[in-house]
Amino acid sequence: MDKEDLKRQAAARALEEVRSGMKLGLGTGSTARHFVELLGEKVRGGLDVIGVPTSEVTRADAERCGIRLTTLDEIDRLDLTVDGADEVDTRLELIKGGGGALLREKIVAAASDRMIVIADESKWVDCLGKFPLPVEVIPFGLAATRRAIEKAFTQVGAAGQLKLRDGEAGHAFVTDGGHWIVDAHLGRIPDAPRLAKLLSEIPGVVEHGLFIGIASTVVLAGTEGIRTVERA
């Protein structure tokens, strides 16, 4: 069984939590795309839901699948967000944003009563950091922002390299919000909650890919079946 099959299994398990009348946050990435496609099948079968996409890519996927969409300007609160993750640790802390949608993903997740994270078992780790940590930054003053980010790493006992994410034709990758992303290759993050706080205090940082205290449930699909982990 390949990873795409496992991702789809996790997405199908999360779909069991969806009921008619729900307002849903729709995540971004390969695993979240499986959820959107499966949700579309249910919608065509009569399920009545409305979704808020976390990226323009997800918006296009949802529209193609026939899912009715809205924005957070039009509704107060979401019942549930379903999204993937690049890493999940035993405290349900996450690294997200490998697809570049971390800002909208965090806004939507924070506006939800619950967040279910769907992933294959390879994303489950004891300590975050092997996957590069995305940090969304304003292009202005990038060198100063990078120095401040590196100082924050030192303060939590982490060390590594920052790399500006490449986009098309050799230019910097540009997020849906018009910002850039620097990826931090740290290997290990000793204190993710503290690092999240320090990064959020840097003026040039728009958002970072550490999701702390946001995920309610993680659904992990592996070769031996589905495992569900709830926040303690």
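Any Cβ shown, glycine's included, is placed from N, Cα and C.
Residues Thr28, Gly29, Ser30, Thr31, Asp83, Gly84, Ala85, Asp86, Lys96, Gly97, Gly98, Gly99 are recorded by Swiss-Prot as substrate binders, and the candidate that the same record lists for that site, out of Lys123, Lys130, is Lys123. Other residues of the same chain near the substrate site, with their Cβ within 8 Å of the Cβ centroid of Thr28, Gly29, Ser30, Thr31, Asp83, Gly84, Ala85, Asp86, Lys96, Gly97, Gly98, Gly99, Lys123, are Gly27, Ala32, Glu105, Ala119.
Annotation for Asp83 (substrate binding site): spatial neighbours Gly25, Leu26, Gly27, Thr28, Gly29, Ala32, Thr54, Lys96, Glu105, Ala109, Met115, Ile116, Val117, Ile118, criterion Cβ-Cβ under 8 Å with sequence separation of six or more.
Residue annotation for substrate gives Thr28, Gly29, Ser30, Thr31, Asp83, Gly84, Ala85, Asp86, Lys96, Gly97, Gly98, Gly99, Lys123. The furthest Cα pair among them is separated by 16 Å. The recorded positions examined here are Ala85, Glu105, Lys123; by Cβ neighbour count within 10 Å, the least packed of them is Lys123.
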